[in-house]
Amino acid sequence: CSSLAGIMLLEVVLVLGTLLIYFLFSKKKEETLPFKDGWWGKGQKPVTQEDTSVRPFKVETTEEELSDLFRRLDQARFTEPLEDSCFHYGTNSVHLRKVVSYWKNQFNWKKQVEVLNKYPQFKTKIQGIDIHFVHVKPPRLPEGQAAKPLLMVHGWPGSFYEFYKIIPLLTDPASHGLSDEHIFEVICPSIPGYGFSEAPHKKDFNSVSAASVFYELMLRLGFNEFYTQGGDWGWLICTNLAQIAPNHVKGLHLNMASVSKLGLTHLLSVLLGRYFPGLFGFQDEDVRRMFPFLKKGLYRILSESGYAHIQATKPDTVGCGLNDSPVGLAAYILEKFSSWTDTEFQNLEDGGLERKFSLDDLLTNVMIYWVSGCIVSSMRFYKENFQKGIGTQKHEKLTVQVPTGIASFPNEILHTPQAWAKKKYTNIVSFHFMPRGGHFAAFEEPELLAKDILQFVGKVEKEQLWKKK
């Protein structure tokens with residue numbers, strides 16, 4: 001009887017030992033996000049093979065386009081703002097009149113078209129729609145060095161133009177006082193439905209669709225391994241791309257990282273993190289940026305997310321007015337370049353717009369939306385991403401294993417501490433609190449962002465981190 005018990009005990013030990021060895025040594029299969037092979041062109045997908053040629057593209061303008069714009073600017077109707085309201089009610093029309101006057105009398109769109117054309121641009125058809133992108137190679141490469149491909153993705157209400165000041169810092173760092181240990185070949189596409197990329201003609205084009213299109217673009221350009229960088233929608237598209245192709249994305253650099261899957265720990269950290277920061281992995285800077293949470297978290301979300309609710313529900317309705325009125329379009333877009341750069345700018349009558357940007361730069365971005373007529377299709381991207389509910393998509397449930405770098409800017413609308421981010425991005429190799437700057441990092445603080453990208457890539461390359469994913 002005792003020998004029988006001994007045999008049973010041995011069997012139990014063997015089974016438990018086998019299970020232990022299995023769990024210790026069996027690598028959990030990392031789940032990837034399925035590539036979304038859609039067809040977004042008009043009508044039925046043709047049976048013939050898609051034209052995969054890459055065609056040069058230049059931004060052009062006509063006298064008709066300009067005379068139509070000036071006619072509309074001349075006929076603009078303004079509403080008097082409330083006294084002392086500054087930018088608290090949105091774009092202040094006293095300042096808007098000044099912007100429109102500058103637009104009519106000083107802004108030179110033809111000159112800005114030349115600025116836009118200073119970098120090579122192309123178009124290529126992917127999944128039925130024309131994709132526009134800027135592709136800049138380094139002017140020079142030190143002996144024995146290869147350029148590293150970097151995909152940079154913008155957001156709303158930005159455009160590929162946001163990257164024009166950071167591109168030279170990455171493609172020719174030595175000429176700008178930066179280390180040339182790593183030199184990039186930069187690819188900046190326009191999200192489909194934004195700028196000069198064709199808008200999808202069918203429903204359900206979301207961030208995973210955009211990531212799949214951009215993955216196809218990078219492969220078409222001959223890049224099997226590359227880095228990605230993004231903020232705003234670029235954050236989500238690049239995140240999805242890292243989930244779709246973890247063996248092709250060497251590193252993911254973000255200047256915004258939002259986490260939609262929140263658990264009990266997050267809730268407790270919101271309630272108690274101010275008093276017990278160490279318990280939740282918060283640093284002093286996290287506490288400074290997040291608390292009091294009612295004011296800096298909840299109220300800020302409520303006061304700054306009205307646009308998102310409209311765009312995630314009825315984009316075509318509100319888009320009608322914006323697509324018809326350049327002044328309305330400017331008011332809608334410029335407000336974001338005020339409050340998302342620094343919420344304190346709402347206390348100024350001019351919204352602080354020219355404290356970080358020039359009117360030429362701001363109006364060039366507005367003009368990209370105006371001349372391409374893309375405001376409605378750009379807003380639809382919110383509906384496609386949110387209509388199934390937050391936290392319900394597969395990509396929201398999957399982690400990101402790719403080496404990740406996060407540049408956390410102090411005036412970002414909502415702060416995400418590293419303690420939260422690492423639940424989603426399990427391989428954060430660089431997380432930095434940036435000294436200044438807001439939501440439009442590449443546009444506003446190109447040098448700060450470029451330095452952070454360079455040090456992040458330096459870390460990944462030195463330790464060959466992508467090979468250890």
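Using the three backbone atoms N, Cα and C, a Cβ is placed for every residue, glycine included.
Worth saying up front: this structure is predicted, and the values here are computed from it rather than measured.
Marked as active site, nucleophile by TrEMBL: Asp232. With a 10 A radius on its CB, Asp232 (active site, nucleophile) counts 24 other CB atoms from all the protein chains.
Here Tyr382 (active site, proton donor) comes close to Trp156, Ala308, Gln311, Ala312, Pro315: these same-chain residues lie at least six apart in sequence, with C-beta atoms under 8 angstroms from its C-beta. Under the heading active site, proton donor, TrEMBL lists Tyr382.
Sequence annotations record features per position, and here TrEMBL assigns active site, proton acceptor to His439. Residue environment of His439 (active site, proton acceptor) contains 23 other Cβ atoms, counted within 10 Å of its Cβ in all protein chains.
According to TrEMBL, the feature domain 'Epoxide hydrolase N-terminal' maps to 54-163.
Residues or ranges marked as transmembrane segment by TrEMBL: 6-25.
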If you measure between the CA atoms of His439 (active site, proton acceptor) and Asp232 (active site, nucleophile) and round to the nearest Å, you get 8
Using DSSP, what is the helix/strand/coil residue split across the domain 'Epoxide hydrolase N-terminal' (54-163)? 37 helix, 26 strand, 47 coil
Could you please provide the mean pLDDT value for the domain 'Epoxide hydrolase N-terminal' (54-163)? 97
